[in-house]
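> Quick one: the structure is below, and I'll ask about it shortly.
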Amino acid sequence: MKELVNILDFLPEELGEKIKPMFRVKQIYQWIYQKYANNFSDMSSLPKDLRLELAQNFHFSPVKCVKNEQSKDGSIKYLFELIDGLRVESVLLPMKEEKIDTEGKRISHARYTICVSSQVGCKSSCSFCLTAKGGLKRNLSAGEIVGQILWIKKQNNIPYERRVNIVYMGMGEPLDNLKNVSKAVKILAQNDGLAISPRRQTISTSGLAKQIKELGQMNLGVLLAISLHAVNDELRTELMPINKAYNIAAIMDAVREFPIDQRKRVMFEYLLIDGINDKLEHAKELVKLLNGIKAKVNLILFNPHEGSLYKRPSLENAIKFQDLLSSKGVTCTIRESKGLDISAACGQLKERAKEQ
């Protein structure tokens, strides 16, 4: 039996090499990403013989949802099974956004962020992260990354044109899978597809300096987030062994070279761990470290998980840390940890084995 190819892996120009004429590719993209077709036979504007040809050569179901859990805060965690049986998790984070209409009335509507995985597992071995405990199984293809987003939007009846933010902060180190992640960014940005601007896509990294430079040279227009979590190499190496390969100085050099929109900032994620990196002296060092960089600091309170040796700091200490940074002119927020009750928060995702 012929092995079917995942059509979500293809950019329009690549699909155009297999399907003629090109306007048919545009129609196929619209059926998949905008009309949320369930199968090729749904694509009624295509000739019957083309629909048959597509069904004989392609599929567009690279992920299958086997479980979902909804948090009391509205977040939904999805467990996806891939074609080879491996599993990844993704999270939908709905948020309310308020605006003033032309009559001066306050109106609110849903704004969505989707946190996607880029690998099955991770090899970075960060001591505070549950994902790393199982090691790295493999990279996801571009289509498997895109498939998570497409399935979540379709399942939640989110119109394709509705504004959505994508954060590559799920399972895996995105820059360790740069080829497929960068391709996913391009596929998601297609006007005949989901039309998610690169400016709404944030790639998070544990600090692979070489790949940060490579990403910058691609000029994709994406946002960059650095998982920093420590202000000196000794502590960072203890928390994040990847620091042995790319120390803080190397990361900062790469960040300074990274092209960023004038209206945007590089995000630095800083996980506050009780008694480890949450003292005011750490905050002072962080201010020095970010000098000259157009940065925004996102403080995250450690999210406990099974087997963890670390503790979550008090909100009071986090606010003191934030206040010091703000007083020195550093833009800083404390991230609200969503999905804690369903293990969907930062550092809590993992490849969950099949239930026996």
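The backbone N, Cα and C atoms fix where each Cβ goes, glycine too.
Found this in Swiss-Prot, in case it helps:
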type	residues	note
ACT_SITE	Glu89	active site, proton acceptor
ACT_SITE	Cys346	active site, S-methylcysteine intermediate
BINDING	Cys122, Cys126, Cys129	[4Fe-4S] cluster binding site
BINDING	Gly172, Glu173, Ser204, Ser227, Leu228, His229, Asn303	S-adenosyl-L-methionine binding site
DISULFID	Cys115-Cys346	disulfide bond
DOMAIN	108-341	domain 'Radical SAM core'
> Max CA to CA distance in Å over the S-adenosyl-L-methionine-binding set Gly172, Glu173, Ser204, Ser227, Leu228, His229, Asn303?
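Roughly 19 Å, rounded to the nearest whole number.
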> Restricting the comparison to the recorded positions Glu89, Glu173, Asn303, which residue's C-alpha is spatially nearest the C-alpha of Cys126 ([4Fe-4S] cluster binding site)?
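If we rank Glu89, Glu173, Asn303 by Cα distance to Cys126 ([4Fe-4S] cluster binding site), first place goes to Glu173.
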> For the C-alpha pair, I'd like the distance in angstrom between Cys129 ([4Fe-4S] cluster binding site) and Gly172 (S-adenosyl-L-methionine binding site), rounded off.
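Pair distance, Cα basis, whole Å: 11 Å.
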> For Ser204 (S-adenosyl-L-methionine binding site), list the number of other Cβ atoms lying within 10 Å of its Cβ atom.
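By my count, 21.
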> Distance check, please: Cα of His229 (S-adenosyl-L-methionine binding site) against Cα of Cys122 ([4Fe-4S] cluster binding site), rounded to an integer number of angstrom.
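For His229 (S-adenosyl-L-methionine binding site) versus Cys122 ([4Fe-4S] cluster binding site), the Cα atoms are 18 Å apart.
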> Measure the Cβ-based neighbour count of Cys115 (disulfide bond), defined as the other Cβ atoms within 10 Å of its Cβ.
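The answer is 28 other Cβ atoms.
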> Note down the number of other Cβ atoms within 10 Å of the Cβ of Cys126 ([4Fe-4S] cluster binding site), including every protein chain shown.
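Within a 10 Å radius of the Cβ of Cys126 ([4Fe-4S] cluster binding site) lie 21 other Cβ atoms.
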> Quick check for the class: what is the C-alpha distance, in angstrom and rounded, between Cys115 (disulfide bond) and Ser227 (S-adenosyl-L-methionine binding site)?
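Between the Cα atoms of Cys115 (disulfide bond) and Ser227 (S-adenosyl-L-methionine binding site), the distance comes to 15 Å.
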> For Gly172 (S-adenosyl-L-methionine binding site), just count the other CB atoms lying within 10 A of its CB, please.
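Taking all protein chains shown, Gly172 (S-adenosyl-L-methionine binding site) has 30 Cβ neighbours within 10 Å.
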> How many other Cβ atoms sit within 10 Å of the Cβ of Cys129 ([4Fe-4S] cluster binding site)?
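I count 24 other Cβ atoms within 10 Å of it.
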> Tell me, how many other CB atoms lie within 10 A of the CB of His229 (S-adenosyl-L-methionine binding site), whichever protein chain they belong to?
25
> What count of other C-beta atoms do you get within 10 angstroms of the C-beta of Cys122 ([4Fe-4S] cluster binding site), across all chains shown?
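Neighbour count, Cβ to Cβ under the 10 Å cut-off: 27.
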> If you draw a 10 Å sphere around the Cβ of Ser227 (S-adenosyl-L-methionine binding site), how many other Cβ atoms fall inside it, taking every protein chain shown into account?
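Summing over all protein chains shown, Ser227 (S-adenosyl-L-methionine binding site) has 26 other Cβ atoms within 10 Å.
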> Would you count the other C-beta atoms found within 10 angstroms of the C-beta of Leu228 (S-adenosyl-L-methionine binding site) for me?
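Leu228 (S-adenosyl-L-methionine binding site): 27 neighbouring Cβ atoms within 10 Å.
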> Can you tell me how far the Cα of Cys122 ([4Fe-4S] cluster binding site) sits from the Cα of Gly172 (S-adenosyl-L-methionine binding site), in Å?
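Between the alpha carbons of Cys122 ([4Fe-4S] cluster binding site) and Gly172 (S-adenosyl-L-methionine binding site) there are 4 Å.
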